[in-house]
Amino acid sequence: MNLPIFRRSLFSRWVPWLLLVQLLLFAAFGAFFWREAQSAANTLALQRLHTLQLELAAALQGPLLERDIPTLREIAEALVQNGEIAYLAIFDGADERLVLVGASAETSLPDGKTLAALSAAETRLPNRFDVRLPLISGAVQVGYSPQPLIGLIDRFAETGILVIGGTTLLTFALYLGFFFRVAKRLGAIERTAEQIAAGNLRIRAPEGTHDEIARLGNAFNRMADELAERLTALTIAERETEATLDTLEAEHAQLTALLEAMRLGVLLVDTSDRVVFANSALRRLWHIPAEASLVGQNARDVMRLSDTLCAEPDHFSQLLLTVPGTQEISDSTEIHLIDGRILLQLCFPVRDSHQRLIGRLWLYEDITRERRSAEQLIYLAERDGLTGLYNRRRFAELLEEKLNEALRQRRTAALLLFDIDEFKQLNDTFGHRAGDALLARIASELTAITRSNEIVGRLGGDEFAILLPAYQNRSEPQQLAERIIRALARIPFDFDGQRIGITVSLGIALFPEHGSNPDELVVAADIAMYQAKNAGRNTWRCYSTDAFAAGSPTQLNWNQRIEQALAEGLFELHYQGVFRLDGTLTHVEALIRMRDPEDPTRLVSPTHFIPAAEKSGKIREIDRWVIEHALRTLSEHRDAPRIAVNLSGRTLSDPGFAMWLENRWHQAPPHARRLLFEITETAAIGDLQEAIRFAHLVHKLGAALCLDDFGTGFSSFSYLKYIPADVVKIDGQFIRDLTQDESNRLIVRAIAEVARGLGKTTVAEFVEDQETLDLLKRLGIDAAQGYHLGKPTPTPPQCRNSAGTALSHP
């Protein structure tokens, strides 16, 4: 029988040693008890000899004194026959042997030892004690035999051997049974473990009682349960990992496709600057051959494959693939190539989940077009779109900068300000195109006759300014004024076969004599310009306080009238409807009128007081008044349509206007927040950045923006992509003779198509007959405004079905 106990080394290795140890222990105990028994028997024998000495002294003392040999023999034989004494020899005082019993007379007796000597001798019990016992008149030598004690010790030894043997056999049997049972239960656990290892996770070991093996089985079963749960979890995790790997592979493919589709050049390198990934855009931007292998190559070697050279190779070699020591995102670097392209380079550190640097990501973008557009946008933001001169905002900045510089260096400066005489009449007679052409020609002449350090700007309309940052002689500004007047008067300007004579009125203000800051200097130059007009025009005047006291009463009168009208509430709004071409009212335009302070029954046309308000800056207050009253009208009349209000360029450049508008807008009830803000194209392109910022503010507030008088500039269409206007209102000069002028019809059609393509609504103004209205429908215009559709009225028309409707394409 192949029992588990014999297949294992535990029993064969431990049981013999346990039995040997047990035998050794038994032998040690046996030897100990044997020795103790010998010692005890020896002590008993000596005690018996002491007793025997007393008995022999009592029995032999008398006969020995009398030398009664027969009696001594008789006593000696009686003692020897008892078996306790092997032999007995009696000696007299002369140590002569008198009697010997139990031994042959010829036999030589061994030397007898005294009791004291025997007590000091070894404790082991001898087979016979040869003892010499002294008496009063002699001595006795006895051969004492302790056979009863020896027999008792022998029986004790035999019994001990039997007990040890039996105990050893019983112990072996117990060991055998114990190990057999233990081996059987452990074997069950072993077989369970083998089956679990084979994949049968449902089998469990027998649990049994609460002993150690049972606890081991319970622990094993708990381990098996935990192992089953973990294997199940591992299986689930493995499936999830496979699914995740599939997802990652799909995402990797998608990311690769995305990176390949990007316009950005992507270069991913490891910490050794070895290429991990490079997309096709990188090859295209750097003109790297498509067949060149990049992955695994050093990044510098890869960039050397490019057949595109840098405009600044020394500078580029220091920047290319150079990582900042901080290992943070690098600053953007522009790389100029010899073919004219500009690449933007960016570097991003790539880190793992423990924030350890594992590589770098380089991005390259061709920003040539954006850079050119940005440069053009900066130019448009600083320059007047019609003339190319500095616009009002930029000229004001340069004026303040140069005056501060002159103040620090204790230099003098001069400001020349002029406008064209009767320019409005010229515009009305020949149209805006003639006026724009004239303004462009004047700008060209001014550029030709001024020096490089002199700053020329167009402040708006027909108003120009020239700044002399420094002059040595007071006559220098006057000489420049003379040159300007003569040069402009000689301009051979013909339009439609008619020669147009140009005259200007020019004012001069000196810094710091006539003004210690830009505002004072501009006011002084403006007053001097009106002094020149009053002097007969086509001349110049230097600012004079004496002349100011008697000069320009009309201009000063209008300023006073405006202040009086603001203070006494003499302004009022009239409303003119704007209609879709199907006749539906879309919104109304608020037109400001002023009651004459001297005759409140008479209305003053805005053409009289608006120019004065523009020059004095009062137009900002007027614009705010219009917004306030438009919001009030919408608040009081829920069924009123949306109202369009006009804003001047001076208001757009007012730094506090945006905050005021936001506060006033949020103070109005929600149903009243239905304004459409109109700014002229001239005002917009005069300060393009301000116009763009205002457009974003208007959209943030939920209002709409209209670009008024569109088409008057030379580059009107180019501004549409910069200014996010919602509505384009075509200038009236193209509408008045639309039915007779083919050129105007082509321009209007082009504006309509471009605006529609950009998602903007078109409005035509000055529509005065049905024929023009029908033609606008065919040209694709969305809405119209004019006397044919409705004249301005003091109250807005009620439009309950379309109140507040936003402009959109019909």
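Keep in mind that glycine also has a Cβ here, set from the backbone N, Cα and C atoms.
For reference, TrEMBL has these:
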type	residues	note
COILED	231-265	coiled coil
COMPBIAS	798-810	compositional bias 'Polar residues'
DOMAIN	180-232	domain 'HAMP'
DOMAIN	411-545	domain 'GGDEF'
DOMAIN	555-806	domain 'EAL'
REGION	787-810	region 'Disordered'
Close approaches to the coiled coil (231-265) from elsewhere in its chain (Cβ under 8 angstroms; 6 or more beyond its ends): 201, 277, 279-286, 343, 362-366
The domain 'GGDEF' (411-545), counted residue by residue under DSSP: helix, strand, coil: 59 helix, 38 strand, 38 coil
Per-state residue totals over the domain 'HAMP' (180-232) - DSSP helix, strand, coil: 39 helix, 0 strand, 14 coil
Averaged pLDDT score, the domain 'EAL' (555-806): 85
